[in-house]
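Features as listed in TrEMBL:
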DOMAIN    1-128  domain 'CMP/dCMP-type deaminase'
BINDING   42, 43, 44, 45, 46, 47, 48  substrate binding site
BINDING   53, 86, 89  Zn(2+) binding site
ACT_SITE  55  active site, proton donor
Ligand SMILES: O=c1ccn([C@H]2C[C@H](O)[C@@H](CO)O2)c(=O)[nH]1
Ligand SMILES: [Zn+2]
């Protein structure tokens, strides 16, 4: 799937966001190296920290479907600048995407900021740091 189609998938799933607290819907979509696409929206909770961001919902849907190698990710929100993924999502993204994988951060104005996973979270803590 190409970049623009992936962004459209993210925009479309954004309409399913469960956001009664923030009223800030976000949509995300990922492509696996095998070419499958998974999408996700943010899902909030009355206990605010339980909230799961759109990016993690998309990634976790793929993981629970047996997919763990990702090629790219798109995220979209109604923001002034292309929406930056939060720190927790950056850590999850760095667990499953290679450092050179592409992340398309976008907004509803059609702005796209394309960064690599390494640029999104440099010097990230990883599995390699656990071994001696
Ligand atoms: O990249 C982002 C940034 C924020 N949120 C969600 C979390 C919460 O539901 C709402 C406000 O922070 O937006 C995402 O899903 N992805
Ligand atoms: Zn997040």
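Just so you know, glycine gets a Cβ as well, placed from its N, Cα and C.
Mapped onto this structure are the features recorded in TrEMBL.
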residue : record                 : DSSP class
42      : substrate binding site : coil
47      : substrate binding site : coil
53      : Zn(2+) binding site    : coil
86      : Zn(2+) binding site    : coil
(request) Would you pick out, from the recorded positions 44, 55, the residue whose Cβ has the largest number of other Cβ atoms within 10 Å? (result) 55
(request) Kindly point out which of the binding-site residues 42, 44, 46, 48 have a C-beta less than 6 Å from some atom of ligand 1. (result) 42, 44
(request) Over the span of the domain 'CMP/dCMP-type deaminase' (1-128), count residues by DSSP class, listing helix, strand and coil in order. (result) 42 helix, 39 strand, 47 coil
(message) Can you name every residue in this chain, apart from 42, 43, 44, 45, 46, 47, 48, with its Cβ inside 8 Å of the center of the Cβ atoms of the recorded substrate site?
(response) 18, 21, 49, 50, 51, 52
(message) Restricting to the recorded positions 53, 55, 86, 89, which ones have a CA within 10 Å of the CA of residue 43 (substrate binding site)?
(response) 53
(request) Can you check which residues sit near residue 48 (substrate binding site), meaning Cβ under 8 Å from its Cβ, same chain, 6 or more apart in sequence, and list them in order? (result) 21
(message) Long-range neighbours only, meaning 6 or more apart in sequence with Cβ under 8 Å: which ones does residue 53 (Zn(2+) binding site) have?
(response) 26, 28, 42, 85, 86, 88, 89
(request) Provide the number of Cβ atoms within 10 Å of the Cβ of residue 42 (substrate binding site), excluding the reference atom itself. (result) 23
(message) So if I take the binding-site residues (44, 53, 86, 89) and measure from each Cβ to the nearest atom of ligand 2, which come out below 6 Å?
(response) 53, 86, 89
(message) Return only the integer: C-alpha distance in Å from residue 55 (active site, proton donor) to residue 45 (substrate binding site).
(response) 16
(message) Let's check the environment of residue 46 (substrate binding site): how many other CB atoms sit within 10 Å of its CB?
(response) 8
